[in-house]
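Q: Starting off with a structure, shown below.
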């Protein structure tokens, strides 16, 4: 009975808001609503699955060449489950924060709750500042990676322009995401995005199997510890894409239903990443060590060009996913977040895109930059901070007693939950941040030494 009461509190204002907006709309705009305005469980699943794997799909075979087949498969399964666990923790903390605030009659009608605000409300300003720094920095570089990936992919269709020039062009294209107000409005894009990544994953799988093994192919990984931990950290990055979990939850009509969505999204994503990475690595082996984009090794066909175009569109969508929380933070900073004019908010958001554009031109290292961001930022943003925050929030006996969501009995109650959290913090701190940070930074520095900053065309074949 108590949980039903809480559920009403959590969803209350949000459902009312939807009804108020919906009732006044004409029949014509119902079609627009169907494509544009989503807040169901299915919308959240599409958003999570679509956002979780984008350009990283093309770099996972590169990680397999560093790790070897067995380690590559095991790390995907392991980090997939670990990522789902910390997304579950974030959802619990969001529901806890929102319930407490709505009991105090706080109205979130024109306000999008973000992760740093959850930390602030539950743990205070120091946690807010730490969360804000890591989350914003990760999302900034996540957007940079999408921009780099756009240039890397389009080059395989049109190499008349170098990758740096393509980065200029796609930076301007991606800037149009300032006009998308919130995650409510990604309904059709999330759906299409998932179809695009599904096509690309199965294209990579089937094309590699039909191509067969390259002449004299070798599968020597793992050979070096540096490469091994660089590859492992790229997989950590792959399944650590839930820095936008809170914003996706807030876009739901009933956020408390989010709990298992990320796990189901991850299970679907594994059906894309495991076959594609395994097949490409089987076909090309050690060649992938110098070809971080899997598309570069497959012969040019209509199917490959389709995959490139679909990935370009998907990277535009994922750029919007990564950048939208940054837009919200910036809006709140300059005081326009609750402005109803979409045009005013779009103009205010434009300065956020400029540093992303600039960083994509400085560090165009498609592949190695994923591992670096994974080890230095993803480790804290989506693994360590949520686990520590959950443990500290519920450390007092009174907080555990009055918790909105209690731990499921099959986990062993609070003791089981704390044990899981301690394991996640220890593992990610030592393996992800420690060994992963060391390996990915060495690899990143090697790319700078080999190609230089502002390199015009990273890993491009030399033209005669």
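Placement of Cβ uses the backbone N, Cα and C atoms for every residue, glycine included.
Copied straight from TrEMBL:
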type	residues	note
DOMAIN	37-430	domain 'Amino acid transporter transmembrane'
TRANSMEM	73-95	transmembrane segment
TRANSMEM	132-154	transmembrane segment
TRANSMEM	166-184	transmembrane segment
TRANSMEM	191-214	transmembrane segment
TRANSMEM	226-249	transmembrane segment
TRANSMEM	261-284	transmembrane segment
TRANSMEM	307-330	transmembrane segment
TRANSMEM	350-369	transmembrane segment
TRANSMEM	375-397	transmembrane segment
TRANSMEM	418-439	transmembrane segment
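If you look at the structure here, what lies around each of the features I listed?
A: Counting only same-chain residues 6+ beyond the ends of the transmembrane segment (132-154), those with a CB under 8 A from a CB of the stretch are 54-55, 58, 114-116, 163-164, 166-167, 170-171, 173-174, 241, 243-244, 293, 295, 308, 311-312, 315-316, 318-319, 322-323, 325-326, 329, 355-357, 359-360, 363-366, 369-370, 373, 377-378, 380-382, 385, 458.
Beyond the transmembrane segment (166-184), the same-chain residues lying 6 or more positions past its ends with a Cβ under 8 Å from any Cβ of the stretch are 36-39, 47, 112, 143, 146-148, 150-151, 154-155, 244, 247-248, 250-251, 312, 316, 319-321, 323-324, 327-328, 342, 345-347, 349-350, 352-353, 356-357, 360-361, 364.
Within its own chain, the transmembrane segment (226-249) is flanked in space by residues 44, 47-48, 51-53, 56, 59-60, 62-67, 71-72, 75-76, 79-80, 82-84, 86-87, 90-91, 94, 112-115, 118, 135, 138-139, 142, 182-183, 255, 258, 262, 266, 269, 273, 289, 321-322, 324-325, 328, 367-368, 370-371, 373-375, 378-379, 381-383, 428, 431-432, 435-440, 442-443, which lie at least six positions past its ends and keep a Cβ under 8 Å from the stretch.
Outside the transmembrane segment (261-284) by six or more residues, the chain places 41, 44-45, 48-49, 52-53, 57, 60-61, 63-65, 69, 72-73, 76-77, 80-81, 83-84, 87-88, 91, 197-198, 200-202, 204-206, 208-209, 211-214, 217, 219, 238-239, 242, 245, 291, 294, 297 with a CB less than 8 A from a CB of the stretch.
Counting only same-chain residues 6+ beyond the ends of the transmembrane segment (307-330), those with a CB under 8 A from a CB of the stretch are 47, 50-51, 54-55, 57-58, 112, 114-116, 132, 135-136, 139-140, 142-143, 146-147, 149-150, 153-154, 156-157, 170, 173-174, 177-178, 180, 182-183, 186, 189-190, 192-193, 196-197, 199-200, 203-204, 243-244, 247, 295, 337, 345, 348-349, 351-353, 356.
Beyond its flanks by at least six residues, the transmembrane segment (350-369) meets 55, 59, 62, 140-141, 143-145, 147-149, 151-152, 163-164, 167-168, 171, 174-175, 178, 230, 234, 292-293, 323, 326-327, 330, 440, 443-444, 447-448, 451, 453-455, 458-459 of its own chain at Cβ-Cβ distances under 8 Å.
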Q: Counting only residues 6 or more past its boundaries, what in the same chain has a CB within less than 8 Å of a CB in the transmembrane segment (418-439)?
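A: Result: 82, 85-86, 89, 225-230, 232-233, 236, 371, 374-376, 378-380, 383-384, 387-388, 390-391, 411-412.
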